[in-house]
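Undergrad: I'd like to ask some things about the structure below.
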Amino acid sequence: MNLWRHSPEELAAYNSCHPMKLGSGVLIQLPLYDNSAVYAEDITFRSFCCERVPVYVSTVLRNSSPYRYLDEVINDWQKFIQVSDYVGGSAEYAIYAVILSITSNFVITVFLTVICCINISGRAYKRILQLLRIASLLASLNLTIFITKVLRRLEKEHNVYGVVRAHSIMHIFSDDMTFVVLDFLATLMFQFCQVGIVIRLFQRAQEKRIIFFIGVILTITANILWVIPPFANHTTKHRNDWQILRPFVYLFRIAIATSYASIVIYHIWQKKKLWFKFNQMGLLTLLTILVVLLLPGFFLADVSNLWISELGEVFNTTCYVTSTVITWEWLDRLNVLERKEEAQSILGRPIFEEEQQDYRFAKYALRVQNALTRRESQDASTDRHDTSSNSEVCDLQTISRYDPEDQISVGRSIDRMHFNDRGTYKDVALKKLGYARDKILYFTDQIVQKSVGHNNSSSSKNEKTKQRKAMVRKRLGLDKPGIYIYSTKDVVFNSDEDDDENAEDEDDDEYEVGSEGNNNSSATFTSDHIGHI
């Protein structure tokens, strides 16, 4: 039991849990004889209680017995059913409602785990998708073990005491270390997946870096602080000293869940023109809004001591599964719609300056410009009068040969003379810090690209396309070495038309002269014709 939720004074309120002197004049019916009884002179009665709370049998035998209950027992029963708490007897906290809520969460978690393992796929987000599947499997396994232990405990209490109590189920959340460890690992992985989802919502590399650093730090801090009190209950004697930590960590988790829900809902509002066009996408969007709001909603309801108080761990696991899996599916479908719209648009997709590592777009543009400049200068030096359109063609060999980075190092200018000076200690320290920062950013970008996905400008081919190309090459016989495909093309030169016009002019001149000229013209025509052929 968490002391920050319930104070000890609320539990000591039932008089039937204390011994009561009934006095004399009581007849007790013998269990083996129907029409016999024993007269008792002095009787002390005390109800069966567990942790200073009476245990009642939820059956229909209350009014069927001809004997009445004691006044203290009746008063305690009326008080018991008015307590809206997990130690009370209200209908919300009856054993039937608790079992129904636990099994419902178990069914939802297993269903979403199956969907995550079968339906959701993505080669660009392979690492984070594997983490999501592992987290879903851990959550399903944890709830399976939890329900098994609950049923065994209820069976034991039914056989020993003849009653089943919802109160005993609540102790499993904090006393069972298997549930605590698996819940800690599943929650940690789900929050890492939520960090990956938020990273996918943004396009700039700098924004992804900031989200990665802040999200990982907040996730690790919140989960480590959350798991300290359950472990302290089993390792230290002063277990009540750590209970003061839980309300602050609970508020911390509420803030993280609210931030995640706010970011997702804001992105949904920004993309309303896409998902509003399709009915199925609209229903999935409404479901996404509902599930991302359930997590902070259940946190607040658990703190406010409503029906799910002390059942929050089961509901939190289900909320983490739904808010992660359904949001991931919605984001995948939204990306498909965005790619279709960008393909039909004139502008296409946006390209940011820092989208590629090491400024690949800028370097490629510099290489192309340098190669074109060198090609034009070489053509001008060899033949200044021959201007052809082929001089503007830039082949890959020329681009790869002339690289401005091979001649001018990064960070140096051609108009400045550099010496091998070590500089001051401040400059060296700043240089070392800058180098360390660049390395950290580099590894961060590698983690983000490999786990969350590639950048927008990277052209990645899927496996199916490669398989189809390999099949076509095999059918054509191109998989063998030394085999190529050539395409025929008709080429017309401008010099052919000029030669034909010159030949016609010479024929006209030869027909005007005499027979001697005719012989010469025929020889000339023949030689010209042969030369033309």
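Using N, Cα and C of the backbone, Cβ positions are placed for all residues, glycine too.
Pulled the feature table from Swiss-Prot, pasting it below:
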- 1-94: topological domain 'Extracellular' (TOPO_DOM)
- 95-115: transmembrane segment (TRANSMEM)
- 116-127: topological domain 'Cytoplasmic' (TOPO_DOM)
- 128-148: transmembrane segment (TRANSMEM)
- 149-178: topological domain 'Extracellular' (TOPO_DOM)
- 179-199: transmembrane segment (TRANSMEM)
- 200-209: topological domain 'Cytoplasmic' (TOPO_DOM)
- 210-230: transmembrane segment (TRANSMEM)
- 231-247: topological domain 'Extracellular' (TOPO_DOM)
- 248-268: transmembrane segment (TRANSMEM)
- 269-280: topological domain 'Cytoplasmic' (TOPO_DOM)
- 281-301: transmembrane segment (TRANSMEM)
- 302-307: topological domain 'Extracellular' (TOPO_DOM)
- 308-328: transmembrane segment (TRANSMEM)
- 329-533: topological domain 'Cytoplasmic' (TOPO_DOM)
- Ser409: phosphoserine (MOD_RES)
- 452-473: region 'Disordered' (REGION)
- 494-533: region 'Disordered' (REGION)
- 495-513: compositional bias 'Acidic residues' (COMPBIAS)
- 516-527: compositional bias 'Polar residues' (COMPBIAS)
Undergrad: Pairs 6 or more apart in sequence, C-beta under 8 angstroms, 3 or more of them: is that satisfied by the transmembrane segment (179-199) and the transmembrane segment (281-301)?
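TA: With fewer than 3 qualifying Cβ pairs, these stretches do not touch.
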Undergrad: Can you tell me which recorded stretch out of 95-115, 210-230, 248-268 has the most Cβ pairs within less than 8 Å of the transmembrane segment (281-301)?
TA: 248-268
Undergrad: Where does the mean pLDDT land for the topological domain 'Cytoplasmic' (116-127)?
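TA: Averaging the confidence scores along the topological domain 'Cytoplasmic' (116-127) gives 77.
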Undergrad: Residue list, the transmembrane segment (248-268) vs rest of chain: Cβ under 8 Å, 6 or more residues beyond ends.
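TA: Those are 191, 194, 197-198, 201, 218-219, 221-222, 225-226, 275, 285, 288-289, 292-293, 295-296, 299-300, 302-303, 323, 327, in sequence order.
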Undergrad: Taking DSSP states H, G and I as helix and E and B as strand, how many residues of the topological domain 'Extracellular' (149-178) are helix, strand and coil?
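TA: Summed over the topological domain 'Extracellular' (149-178), the classes give 23 helix, 0 strand, 7 coil.
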Undergrad: Are there residues at least six beyond either end of the topological domain 'Cytoplasmic' (269-280) with Cβ under 8 Å to its Cβ atoms? List them, or say none.
TA: 334, 337-338, 341
Undergrad: Of the residues in the topological domain 'Cytoplasmic' (269-280), how many are helix, strand and coil by DSSP?
TA: 8 helix, 0 strand, 4 coil
